[in-house]
């Protein structure tokens, strides 16, 4: 029985995204797990973060907390850059497999750490190695998914990246919550959170054996028969389908143009060729701004953030963090499936930035006028005061605005704008920018929470409205445009020349299809 076109037409692309994005669950999980682990009092005591008088050394805790979080970003920065040449040479699928294995090595190292004298060093080393894997995965995965997705649902499928990030963050919060309230004094306080990383990593490693290589990458390395077969497989169409041949013709036309324009030139042309530099500038800037939106400061140090606004005590701060993670997953999923292809990229980013900035200004004002009682985050406390509950509610609304724009859309937008031959470089630069500023933000956030107080929210609010909202209005709209149309949008080629190239390639593919049909007919006649 035929499967209805409107229901399961793109099921193979969704399956590919589901498998590939388990690596992105790791991205979210590892960004959320570090701050909660270090915030546990037994972890601090075990690794010597208490003074001789038995009190927590806040400066030392901030240092270790920022190190545990930020060394992951440092490794990810180099992993993202290193993924580009490997992805170009061996393809998207096997690059992801190789770096997922690297991630597993790092995860094992952090999990087995236990010695009070060498354990922190093992955790740092494991986080760096895991970061190399995550950085490469974050660069290659969206390119792989984008290259395999049809243009009418590309934004929705590519945007699942952010849903999986949010799922990973949410899982990390609730694992920290469960460990925090059920395990008091045991190495399992960090072994369980770090060991859980092996679950999504394993799913991804085995799942990659069930998916096909990117047709666009295959075409870019002249493996045209495989490109046609894989494209037809993903679209659930016969290889002589007119729509498949037309899509492959558009891909081939773009690749042919890129080769002609770069003939005899090297990497310099890839970055500075006509219409290219502005794409790399957008990719770098959009992630610089995303990291200074304030969201990742909340992600990494949610227990500390909620404690700073009055949710004191381990249970209160971790539970508030867990609820924040649930709200983020739901809001991100709703936007990706119902909004990303409706509002468009620019309008979504603008509304998102304005909403986030407004809410941060409100939180900062409430925190200034109604500061919570000063108590230790690890000491049981009464219910948070009404002002603290209001600020928590504002953070929950804030993450809804983040999830409708600046959370998922930078990845969607950057995956949109690069041509096939430079997409791996574009995604590598974007991802490395994301990890570079991720590293900076995660390194300075603990001290900013301690030293700035309410001013940290005012700072993020200013960035949201003064920089991110303005940037949103300056970039081109890409909704509903094919990946190959981006060259026209960014001025690499005229619309007339692109159409002429498409017609020439399509005529060649149709002739090839007619030739194969004729050969099959001759074969049938011979058998008869």
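From the backbone N, Cα and C atoms, a Cβ is placed for every residue, glycine too.
These numbers come from a predicted model, not from an experiment.
Now, the feature entries from TrEMBL:
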type     : residues : note
TRANSMEM : 12-29    : transmembrane segment
DOMAIN   : 16-479   : domain 'Major facilitator superfamily (MFS) profile'
TRANSMEM : 64-82    : transmembrane segment
TRANSMEM : 94-112   : transmembrane segment
TRANSMEM : 124-145  : transmembrane segment
TRANSMEM : 157-183  : transmembrane segment
TRANSMEM : 189-211  : transmembrane segment
TRANSMEM : 277-293  : transmembrane segment
TRANSMEM : 318-340  : transmembrane segment
TRANSMEM : 347-367  : transmembrane segment
TRANSMEM : 393-413  : transmembrane segment
TRANSMEM : 456-476  : transmembrane segment
REGION   : 499-528  : region 'Disordered'
COMPBIAS : 511-528  : compositional bias 'Basic and acidic residues'
Recorded stretch, among 124-145, 189-211, 393-413, maximising Cβ pairs under 8 Å relative to the transmembrane segment (12-29): 189-211
Proximity verdict for the transmembrane segment (94-112) and the transmembrane segment (189-211), three or more C-beta pairs under 8 Å: yes
Cβ contacts under 8 Å made by the transmembrane segment (393-413) with residues that lie 6+ beyond its boundaries: 142, 155, 158-159, 161-163, 165-166, 282, 286-287, 289-290, 293-295, 298, 305-306, 309, 323-324, 327-328, 331-332, 334-336, 339-340, 345, 348-353, 355-356, 359-360, 362-363, 366, 430, 434, 468, 472, 475, 478
Segment-level pLDDT (mean, integer) for the domain 'Major facilitator superfamily (MFS) profile' (16-479): 84
Folded-back contacts onto the transmembrane segment (318-340), same chain, C-beta under 8 angstroms, at least six residues removed: 32, 36, 155-156, 159-160, 162-163, 166-167, 169-174, 176-177, 180-181, 298, 302-303, 306, 311, 348, 392, 395-396, 399-400, 402-404, 407-409, 412
Long-range neighbours of the transmembrane segment (456-476), counting only residues six or more past its ends (CB under 8 A): 282, 285-286, 289, 292-294, 297, 345-346, 349-350, 352-354, 356-361, 363-364, 367, 405-406, 413, 448-449, 489-490
